[in-house]
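Here is what TrEMBL records for this protein:
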- 29-302: domain 'ABC transmembrane type-1' (DOMAIN)
- 25-47: transmembrane segment (TRANSMEM)
- 75-95: transmembrane segment (TRANSMEM)
- 152-172: transmembrane segment (TRANSMEM)
- 178-199: transmembrane segment (TRANSMEM)
- 256-275: transmembrane segment (TRANSMEM)
- 281-299: transmembrane segment (TRANSMEM)
Amino acid sequence: MGMEKKSIIGSYGSIFMHSDGFDKLLMGLGFIGAVCEGLCPPLTLLFTNKIMNDIGSSLTIAVDFTHNLDKNAKMLCYVALGRWVACFLVGYCWTRTAQRQASRMRSRYLKAVLRQEVGYFDLHVTNPAEVITSVSSDSFVIQDVISEKVSVFLMNLSTFVWGYVVAFFILWRLAIVAFPFVVFLVIPGLMYGSALMGIARKMRVEYNKAGTVAEQAISSIRTVYAFVGESKTIANYSAALQGTVKLGLRQGLAKGLAIGGNSIVFAIWSFTAYYGSRLVMYHGAHGGAVYVVGTTMIFSGL
């Protein structure tokens, strides 16, 4: 079990094996930008809570009311400016390092292939175009992961953590009661992701079967035409694609169940509104805090 975990971690770390010192600097700046960008939505809700409480409070001195409102509005402007800088760091640094690492990977991949003996191509490569296709497709997948998937994951993780930190800071009673409901927000996404990965692997296998049928027919097109095998080839190709149709239906069902599972949000909203009203009546909580904590808990969980 331990060796399996190490191999999984190693496989994830191998994505960045082609990075150099400058790439690590870019990834560090991109990491900081992603964490800061994930922090901005909870901060926005924090200052929105203060503005709502100022508007709903019974302040009789107009000067104090205006001063507090202006101060919180300025803080929102600072958060917006910080998010702009964070978005720039995320977009530029991750995209730039992804291009550099993908380019370096293509070069090393091609050099490794060209160093092979002639027998390698006889055994492992049926078509010279496969080398070019594999180099381009694999490198584009890695580039997409580094430039987009990693930054989005870090951003969402930061929003999840900081969102609950802000919720506990604003109104810990409501946050600690609503926290167990996070499980009902996370489980549908995890189940959908796991099911989608399994279905995607099976669909790839089915498409490869159909591609093999088409490749064999095209490579021996004269024989197929001579023996009038067009209808049989089409039937075999259609039969090979039937598996992908069934898997596509299963994929749509999994997606529908995952989206439908998010309906638990309305139940969580109802509970936070009910318990928040009791906190307002018996513990002196502010309405703005109840609304913002409920929004933060749900937004961070999603």
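Glycine residues also receive a Cβ, built from the backbone N, Cα and C atoms like all the rest.
Among residues of the same chain six or more beyond the transmembrane segment (256-275), those with a C-beta under 8 A of the stretch's C-beta atoms are 174, 177-178, 181, 184-185, 187-189, 191-192, 290, 293-294, 297-298, 302. Same-chain residues lying 6+ beyond the ends of the transmembrane segment (75-95) with a Cβ under 8 Å from its Cβ atoms: 26-27, 29-30, 32-34, 36-37, 40, 43-44, 47-48, 51, 146-148, 150-151, 155.
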